[in-house]
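First up is the structure itself, then whatever we jot down about it.
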Number of protein chains: 2
Amino acid sequence: MLRLDSSAPGFAAAFDRLVRDRRESDDDVARDVAEIVEDVKHRGDAALAHYTARFDDHPLETEADWRVPAAQCREAYDALTPDLRAALELAAQRIRAFHEQQLPADRDYTDDEGVRLGSRWLPVDAAGLYVPGGRAAYPSSLLMNAIPAKVAGVARLAVVTPTPRGENNPLVLAAAHLAGVDEVWRIGGAQAVAALAHGTDRIAPVDVITGPGNAWVAEAKRQLFGVVGIDMVAGPSEILVIADGANDPGWIAADLLSQAEHDPAAQAILITDDHRLADQVADMVGVELAMLPTARTAKASWDDHGVIIVVRSLDEAPALANRLAAEHIELAIDDPDAMFAKIRHAGSVFLGRHTPEPIGDYVAGPNHVLPTGRRARFSSGLSVLDFMKRTSFIALDEAALRAIGPAAIALAEAEGLHAHARSIETRLDL
Amino acid sequence: MLRLDSSAPGFAAAFDRLVRDRRESDDDVARDVAEIVEDVKHRGDAALAHYTARFDDHPLETEADWRVPAAQCREAYDALTPDLRAALELAAQRIRAFHEQQLPADRDYTDDEGVRLGSRWLPVDAAGLYVPGGRAAYPSSLLMNAIPAKVAGVARLAVVTPTPRGENNPLVLAAAHLAGVDEVWRIGGAQAVAALAHGTDRIAPVDVITGPGNAWVAEAKRQLFGVVGIDMVAGPSEILVIADGANDPGWIAADLLSQAEHDPAAQAILITDDHRLADQVADMVGVELAMLPTARTAKASWDDHGVIIVVRSLDEAPALANRLAAEHIELAIDDPDAMFAKIRHAGSVFLGRHTPEPIGDYVAGPNHVLPTGRRARFSSGLSVLDFMKRTSFIALDEAALRAIGPAAIALAEAEGLHAHARSIETRLDL
């Protein structure tokens with residue numbers, strides 16, 4: 001864990017290094033991924049079988065090796081304990097309610113020149129959802145990806161999820177049933193992303209691929225952007241907690257560890273104006289780690305990437321937060337709205353002492369797929385819009401063309417695009 | 001020009017080839033671009049000077065070689081003829097009016113469980129706009145990129161535009177002045193995109209890069225997606241005209257050529273149910289080409305990529321259009337709205353016989369930066385949203401956490417994320 005003090009000499013340089021610190025994939029991943037993508041593009045299902053046997057120790061031979069039947073997803077759902085089923089249903093209902101409000105409005109109007117203008121939103125035809133297997137097999141991520149797609153009106157939802165050594169995750173299958181997923185393919189990694197983008201004999205191509213994954217998955221999405229739409233390039237998770245001295249250090253320690261336990265490359269940062277709280281949180285992280293079943297991952301993240309920054313005043317916090325542009329920000333202070341108004345770059349902000357970040361991972365309603373690695377400067381969490389696209393439209397009659405056409409002719413001629421001018425002139429007998 | 005008949009044997013296969021036809025960059029471009037991006041990342045301004053001298057024959061030595069001063073943009077604007085100035089101003093005003101309606105609404109509400117939820121939109125801090133030089137130096141493109149960014153509220157707009165052999169394009173500079181651009185850098189190609197993304201000593205990095213460009217520019221944007229936001233991966237322009245027999249063949253020919261004159265790799269396609277119109281349009285393309293100053297480019301595009309498809313009935317057209325997912329679609333028929341309702345994938349649709357596509361390039365108001373290469377299946381034209389990002393927020397008090405917290409704990413435990421559960425438990429004394 002790194003401890004910084006904003007009043008110490010060298011703070012600016014140390015903070016700068018922190019902002020520039022990269023915890024993501026390197027060139028080797030890019031080269032490996034490019035080879036896998038090319039192979040799946042050309043050899044299709046044979047390449048998928050090859051990589052799935054090699055990376056997941058799961059041979060794709062029978063139909064059931066390739067794909068989980070819908071009946072099995074329903075069975076997994078039916079087999080849930082009542083508590084867990086109720087929890088999944090509450091999560092789904094709240095996620096749906098929040099995302100339904102994101103549905104965009106169409107426009108269609110005629111302006112003063114008699115020009116009819118508008119835009120129309122439609123869902124994509126098919127979406128592919130990446131759901132990690134192994135360490136990060138999260139039914140909550142399935143809901144967070146599938147429900148916005150369903151709300152958007154996407155007709156075909158294809159999930160890909162690796163099943164290492166052939167093991168399905170029943171919770172993921174149950175969530176797939178609850179969310180109305182159409183296909184569940186037992187593949188993962190860059191090869192699964194390539195299959196969704198280019199299609200194979202078995203798997204029809206999709207239009208958009210969303211969902212979290214490891215460095216190979218993120219790199220495959222980046223490389224295939226343009227062939228398909230993607231939600232974002234996702235990296236390891238992050239939390240920034242901004243806390244005054246009035247907090248329970250145990251609460252803050254638990255919040256920091258909730259990100260740290262995701263991934264050894266995850267990052268948890270605390271900014272506080274209280275030296276004592278800083279010390280107490282550091283101590284409580286140790287106490288919590290001693291009890292935590294995920295301590296191995298969480299400790300690696302905290303040791304390597306954890307940061308505590310003590311500032312002279314919390315007035316310094318928004319400027320630091322805006323440089324970090326973190327995925328999650330908790331504002332554990334008395335007047336979180338006043339500070340939120342000064343924070344420009346963040347994936348999601350958790351206001352007040354009773355809003356721990358994990359509540360947003362499951363049941364609050366907003367999406368938990370959020371920009372990482374300072375990308376909140378320019379990108380947003382997953383939303384219904386990621387599964388839709390907008391077509392603009394224009395309609396003129398002869399009078400409207402006569403009103404605004406001459407200006408277009410002047411600009412077309414000035415740009416040397418004479419056929420552009422001609423298409424208007426010929427309609428106006430000019 | 002390729003002519004297809006939907007009633008002929010082999011049509012399905014021929015149309016399939018047309019849909020799969022790629023007119024875009026190949027692997028060599030990707031490798032070259034990767035080298036240039038790496039070089040600019042490491043050597044900064046020195047690399048920019050190297051590539052700009054080599055590719056644009058423009059040595060970057062004095063301050064004026066690097067950057068066009070604001071005063072020069074204003075002078076270019078003041079020197080416009082009254083007609084051209086009025087045309088640019090009409091275009092700017094209409095583009096602004098259309099895009100102002102795209103500004104998204106924030107949300108902030110408290111639901112029945114007492115959970116406060118919402119989302120807040122803010123502009124990115126800085127946007128980089130690519131404006132092509134040489135063949136495609138279009139002031140209209142500058143307006144189409146800069147005005148949505150301004151409407152979004154972006155504080156810093158940096159234009160990059162190559163000036164081959166040192167020649168500035170006065171119209172582009174005039175448009176930069178009109179649109180309120182902050183910086184105009186005389187660089188282009190992949191090196192300019194890399195400079196905007198990574199920053200150099202002279203050029204501060206931006207958060208989003210938009211704007212059209214050649215294959216190198218498009219590939220550089222693709223490779224740098226994730227370091228910065230980008231609008232889309234743009235390829236050669238396209239038009240699909242759907243026309244019945246009641247059209248003036250000269251009008252349709254001009255419309256087809258208006259895309260063909262952009263680029264030898266551009267594509268113009270006509271779908272009609274009238275053999276006679278098909279013949280007449282083919283003839284009129286020849287007649288128009290004989291008069292057209294841009295005939296060399298337009299003829300290359302029409303010869304290599306132009307297509308006329310004769311269908312038995314225009315009822316076949318929407319299904320074909322949805323497979324092509326063209327950038328521009330003209331519906332030169334009596335009831336364009338009825339057909340538009342069946343078209344799912346298109347960048348922009350031009351309704352009726354008096355709406356030639358070029359009116360949308362300049363003065364209609366909607367953006368002319370649109371998805372190409374079948375990407376209208378999943379992406380949209382440039383908009384104000386490309387220059388903004390959304391932060392979600394969540395606020396619970398103790399009662400609300402008590403209401404929905406236990407479901408989150410159940411899901412966290414089921415996912416094996418114990419610190420997630422702990423952050424809620426500790427606040428509820430569970």
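Cβ coordinates come from backbone N, Cα and C, glycine included.
In TrEMBL, annotation is done automatically, which means it is predicted and not curated.
According to TrEMBL, the residue from B:TYR109, B:TYR130 that belongs to the NAD(+) site alongside B:GLN191, B:ASN214 is B:TYR130.
In TrEMBL, the substrate site is described by B:GLN259, B:HIS262, B:HIS328, B:ASP361, B:GLU415, B:HIS420, and among B:SER237, B:SER383, B:SER392 the residue recorded at this site is B:SER237.
In the three-state DSSP scheme, B:HIS328 (substrate binding site) falls into the strand class.
Reduced to three states, the DSSP call for B:ASN214 (NAD(+) binding site) is coil. For B:TYR130 (NAD(+) binding site), the number of other Cβ atoms no farther than 10 Å from its own Cβ, over all displayed protein chains, is 29. When the Cα of B:ASN214 (NAD(+) binding site) is compared against those of the recorded positions B:GLN259, B:HIS262, B:GLU327, B:GLU415, the shortest separation belongs to B:HIS262.
One residue stands out among the binding-site residues B:HIS262, B:HIS328, B:HIS420 for having the most other Cβ atoms within 10 Å of its Cβ: B:HIS420. Counting only residues at least six positions away in the same chain, the Cβ atoms of B:GLN259, B:HIS262, B:ASP263, B:ALA266, B:GLN267, B:GLU327, B:HIS328, B:THR372 sit under 8 Å from the Cβ of B:SER237 (substrate binding site).
Annotated pair B:HIS420 (substrate binding site) and B:TYR130 (NAD(+) binding site), C-alpha to C-alpha distance, rounded: 44 Å.
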